[in-house]
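Working notes, beginning with the structure itself.
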Amino acid sequence: MKYIFAPPANKGLQQLNHALFESSHTLPALKIPAHASGIAMETLRSHILVAPRLRTIVDDPTDKKWRLLLLDPSMEASEINDLPNPLKEFALKHEAKLVKHTIELKYDYWTSDQVLRSILPDEMETPGAFETVGHIAHLNLRDRYQPFKHIIGQVILDKSSHIKTVVNKLDNIDHTFRFFQMEILAGINDMNAKLKEGGCFFHFDFSKVYWNSRLQGEHDRIIKLFGQNDLICDVFAGVGPFALPAAKHKRCVVFANDLNPQSFKYLMENIKLNKLETRILPFNMDGRQFIKQSLEDLNNPAIWNKITKQKPTSNDKKRNRKVESPTVAPLTDQPAISGIRHFKHYVMNLPATAIEFLDAFHGLYSGMRDVIMDSDLPTIHCHCFSNAKDVKADVIERVERVIGMPLGSNLIMVHSVRTVAPNKDMLCISFRLPSALAFAEPKILGKRKGLETEENLVSQSDVSKSSDNILEKDT
């Protein structure tokens, strides 16, 4: 049976002191010949000490020819004859002696959970799993943990070798640009995260953009729905968690947009970092207006050439030389497209408000019924939150209210992404754009203040220049 030691109780401690977590534990032990160690481990397993990160057999400090076999701490015996039969027989056969051995356990031995349990009041649970963003541990502590937040941060920093900075999310959130206000609890003041997800490298300032490592599974799920060389419109792209893997692994051409200038800055940098300039075109504009002009931009030769005129990157050349996988179709620099170009998928990952942007699809294909078939209409993946009892019905009803018509057979699925808080779920509704909505007479949607669409598009040559400037500023 595994034995778990516990550190000394330090209830209410708010400033970390390693010395307060030192403890001594005296255990029964058999002093055995060194050559009998292997036999002892094989035959006495049910009677010896089994504890995390502790050796069962240690050197005898008084004689190198002998070893100390540490026994189950719960065993009560003052002499050999008091031992259970297997131990007694082994001891008599090998002339072993029953002794006491003291082990010293210090702060470094205890896990973060053990340390925090010894500190926090009994009625408080230790904080659950935290999000890791590169070298940053991201906590979301509730109010009752506020008196202990700094010591919690220090313990996590001490016990996680890859963590250099521990931050706590504050209540304030920037609703326009979707990033959280944070405070540093422990470690260095460095919010520039570097990480790898979905086979792509990402770099960004975590304090200025939105990133959630817990959504990697959702990123992967959506990307698996894309086909090779699909045209993708990522309306709220952030720093590229959907756009980059889709371009790299599915060879999709992605129009990726984000309103946050900082997200846009790092999106451009990450495109260059992953050598995906021939696959992703970045935009920095309001999501509603981006949707409204997406089809026009896709069929604008000047805009399309921003990608097609790019020289193939080394990644493109390597991929095009590969013939090892018979399941992957031969790849060209760009998908061969005749007639009207149209996106296969729209991704709308802005859970708090994405549903409100669905009105932008009204009349998107107006006047194109002769050249666009119903089967060509895109699939929309719209992320949202719900705290309703029936979340699926709630999401469907909200979408139908915004688009002004029932989804009917156009509904594909409502996928449960994760529970973000008690009685609050994140979901993704996927549906085909209804033809009645797509081909309707367009509504006039006002542009949001400060939008100048000609300046919102950044060419890939500008991306390279901008990224170079970014790197210079960061050094």
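Glycine is no exception: its Cβ is also placed from the backbone N, Cα and C atoms.
In Swiss-Prot, the S-adenosyl-L-methionine site is described by ASP258, LEU259, ASP286, GLY287, ASN349, and among HIS219, HIS249, HIS362 the residue recorded at this site is HIS219. Residue environment of LEU259 (S-adenosyl-L-methionine binding site) contains 23 other Cβ atoms, counted within 10 Å of its Cβ in all protein chains. Classification of HIS219 (S-adenosyl-L-methionine binding site) by DSSP places it within a helix.
Cβ contacts within 10 Å of ASP258 (S-adenosyl-L-methionine binding site), excluding its own Cβ and spanning all protein chains shown: 30. Between the two most distant C-alpha atoms of the annotated S-adenosyl-L-methionine binders (HIS219, ASP258, LEU259, ASP286, GLY287, ASN349) there are 22 Å. Secondary structure from DSSP puts GLY287 (S-adenosyl-L-methionine binding site) in a helix.
Long-range C-beta contacts of HIS219 (S-adenosyl-L-methionine binding site), restricted to its own chain and to partners at least six residues apart, with a cutoff below 8 Å, comprise GLU197, GLY198, PRO241, PHE242, PRO245.
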